[in-house]
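This report concerns only the one structure given below.
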Ligand SMILES: [Zn+2]
């Protein structure tokens, strides 16, 4: 599939536009679990953007690795922004490894807007743990480690090496975190075959999974014209020309919303979004604006997100020729223009069909763990997965958090202890499946056969390897 090929759905979108229980402690057994206590400890560490202190969180993670019996190391691509890499070395470290990634930073939370202080990790009588990061995504980072802890206790030994990466700065673009890490020789040395990263909570019983995300294009349009007295009725004035851009963008926007409303696409992830984020014009005075002058300059900024398989060329033409033609004294300036292709010239989409053995494993094992998986989705906002997919490595966005309202970045973000413990079980199965023996078609052996004792290692065939 060439990246330059146009995708049906997106063309359709463009065409449509153009054509128009109780214990002594008072806690239930779930709430009293040591794993829950450890999660709450992690949640209390304040790694808040824009000035996170990563030292306490680094100490905490290294200490966790030590108690579990896993190796850890710190990689630093920018001062005071550590990547903590925890490794469970496989029996055959020559095989490609698997990676479970999470970010250690969180967005700010205003305590006055929260029922409980956002870094108290308060747990109510229902087992709901309130904390910034309880969904996004310290919970998932701890699920990985708790799953590893349980598997080690049960005697499981991975065939492939398993890496748990804890990266900084995801909430501010990941430049000094995942992006630097994924593009480093340290990452290349790990020979990673597949990455699992954050997903999103689901309000119903079905877990959400993401195999792609929208591509960000942000740009502004500048309009120029002759300045004129406010009384003149003239053609081609800067503000007037910019207003027409806004009209054309609004019409496109409406066409995309209609595609969702009429059910022609599954959801917001399958259409392009474009939103006007600022407007700049006028001649300021100390108290306001000059009211009788038509200004010579006007500017509008846009946040645009396009589906990963969009026809980038056609879209750029739409923006520069249809929305903001130079003949109207309009110029388009891109601030961010992410590539729609990966390093191999393919769409940045992780396949979710039988061709991808990792998908087959993921899908099957989640249902075997008693999880109910929804259709793979396009993530609307950005995550660290994009850096991995850019290198042509498959990546899944998966947070096993069901029956929970999505409160990422919102007030009163919470996670129920029961849901958290269930997530650990799901990750146990995923780690076993991904790191254990399976054949080239990605067919899963019985999960029980993955449990081995140290003295039975020879009985495991050595020639199994997934070709990707
Ligand atoms: Zn996140």
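Using N, Cα and C of the backbone, Cβ positions are placed for all residues, glycine too.
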Per TrEMBL, which of 103, 163, 229 sits in the Zn(2+) 1 site along with 136, 198? 103
For the domain 'Peptidase M20 dimerisation' (216-322), residues assigned helix / strand / coil by DSSP: 38 helix, 36 strand, 33 coil
Any idea what the model's mean pLDDT is for the domain 'Peptidase M20 dimerisation' (216-322)? 95
Around the Zn(2+) 1 site recorded as 103, 136, 198, what other same-chain residues have a C-beta within 8 angstroms of the site's C-beta center? 102, 137, 138, 140, 170, 171, 197, 383, 384, 399, 408
Of 105, 136, 198, which recorded positions come close to ligand 1, meaning Cβ under 6 Å from one of its atoms? 136, 198
Write down the Cα-Cα distance for residue 103 (Zn(2+) 1 binding site) and residue 170 (active site, proton acceptor), rounded and given in Å. 6
